[in-house]
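Peer 1: Right, I'll just put the structure down here and ask away after.
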Amino acid sequence: MQLKRVAEAKLPTPWGDFLMVGFEELATGHDHVALVFGDISGQTPVLARVHSECLTGDALFSLRCDCGFQLEAALTHIAEEGRGILLYHRQEGRNIGLLNKIRAYALQDQGYDTVEANHQLGFAADERDFTLCADMFKLLGVDAVRLLTNNPKKVEILTEAGINIVERVPLIVGRNPKNAHYLDTKAAKMGHLLGKTE
């Protein structure tokens, strides 16, 4: 286990009241959060989203990505379902950090795509460690999920880490003229499954 569960509190939101559960990485002290809605106990697979931190999309309403749109849509789907989990994975910018993400944006402004920009900065296309999320699910007592994602790699990594992904639920929202090239690159170079938007 790479994490420990350290704190929890109620979190009222426009979608209803969630239980916010805080986790701490044992090796680094970095924190991550789960939002739990309804009763997630029992054998029925839980609707879940692993959402990687994106300050620009989630809090600053950036149109460069689909992250903020996905966050809102995931919370809506979970609330409509009546039960579910959103893991807020604190690995900003596909885990290159906020300042390097800004540097990557500057390279994208010069014509590089999102993958090329990461490579120019000396990073892989995606530096995230999703095995932490498998530990969060386990600490919440969940071993089977219906995962809201367009990223088959995320499904593969969580499955290898012992989480039973019984269904991949597409979450295709937020495409606009400012992020179309970014989304096309994620599909072409990173294998994301992006069809028509909702």
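Cβ atoms here come from the backbone N, Cα and C positions, even for glycine.
Pasting the feature list from Swiss-Prot:
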ACT_SITE  D126  active site, proton acceptor
ACT_SITE  R128  active site, nucleophile
BINDING   R49, V50, H51, S52, E53, Q70, E92, G93, R94, T114, T149, K154  GTP binding site
BINDING   C54, C65, C67  Zn(2+) binding site
Peer 1: Out of C54, C65, C67, which has the highest number of nearby Cβ atoms, where nearby means within 10 Å of its Cβ, if these are the binding-site residues?
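Peer 2: Checking each of C54, C65, C67, the winner is C54.
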Peer 1: What does DSSP call R94 (GTP binding site) in the simple three-state scheme?
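Peer 2: DSSP call for R94 (GTP binding site): helix.
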Peer 1: Using an 8 Å cut-off from the Cβ centroid of C54, C65, C67, can you name the remaining same-chain residues around the Zn(2+) site, in sequence order?
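Peer 2: The surrounding set, listed in chain order, is S52, T56, G57, D58, S62, R64, D66, G68, Q70.
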Peer 1: Have a look around E53 (GTP binding site) and count the other CB atoms within 10 A of its CB, chains all included.
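Peer 2: I count 21 other Cβ atoms within 10 Å of it.
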Peer 1: Cα within 10 Å of E92 (GTP binding site) is the criterion; apply it to the recorded positions C65, C67, D126 and give the hits in sequence order.
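Peer 2: For E92 (GTP binding site), the recorded positions whose Cα atoms are within 10 Å come to none.
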Peer 1: Report the nearest neighbour of R49 (GTP binding site) in space among the recorded positions C67, D126, R128, comparing Cα positions.
Peer 2: C67
Peer 1: Would you mind listing, in sequence order, the residues at least six apart from T149 (GTP binding site) in the same chain with a Cβ closer than 8 Å to its Cβ?
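Peer 2: Within the chain, T149 (GTP binding site) has Cβ neighbours under 8 Å at R49, V50, V155, R168, V169, P170, L171.
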Peer 1: Filter the recorded positions R94, D126, R128 down to those whose C-alpha lies within 10 angstroms of the C-alpha of C54 (Zn(2+) binding site); answer none if the list is empty.
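Peer 2: The recorded positions close to C54 (Zn(2+) binding site) (Cα within 10 Å), listed in sequence order, are R94.
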Peer 1: Which of the recorded positions listed here (C65, C67, D126, R128) have a Cα atom within 10 Å of the Cα of H51 (GTP binding site)?
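Peer 2: Among C65, C67, D126, R128, the ones whose Cα sits within 10 Å of that of H51 (GTP binding site) are C67.
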Peer 1: Measuring Cα to Cα, how far is C65 (Zn(2+) binding site) from E53 (GTP binding site) in Å?
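Peer 2: If we compare the Cα positions of C65 (Zn(2+) binding site) and E53 (GTP binding site), the gap is 12 Å.
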Peer 1: Would you mind reading off the Cα separation of R94 (GTP binding site) from C67 (Zn(2+) binding site), to the nearest angstrom?
Peer 2: 11
Peer 1: Between the Cα atoms of C67 (Zn(2+) binding site) and R128 (active site, nucleophile), find the distance and write it as a whole number of Å.
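Peer 2: Approximately 15 Å lies between the Cα of C67 (Zn(2+) binding site) and that of R128 (active site, nucleophile).
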Peer 1: Other than its own, how many Cβ atoms are within 10 Å of the Cβ belonging to R128 (active site, nucleophile)?
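Peer 2: For R128 (active site, nucleophile), the count of other Cβ atoms within 10 Å is 22.
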Peer 1: Give me the count of other Cβ atoms within 10 A of the Cβ belonging to H51 (GTP binding site).
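Peer 2: Taking every protein chain into account, the count is 22.
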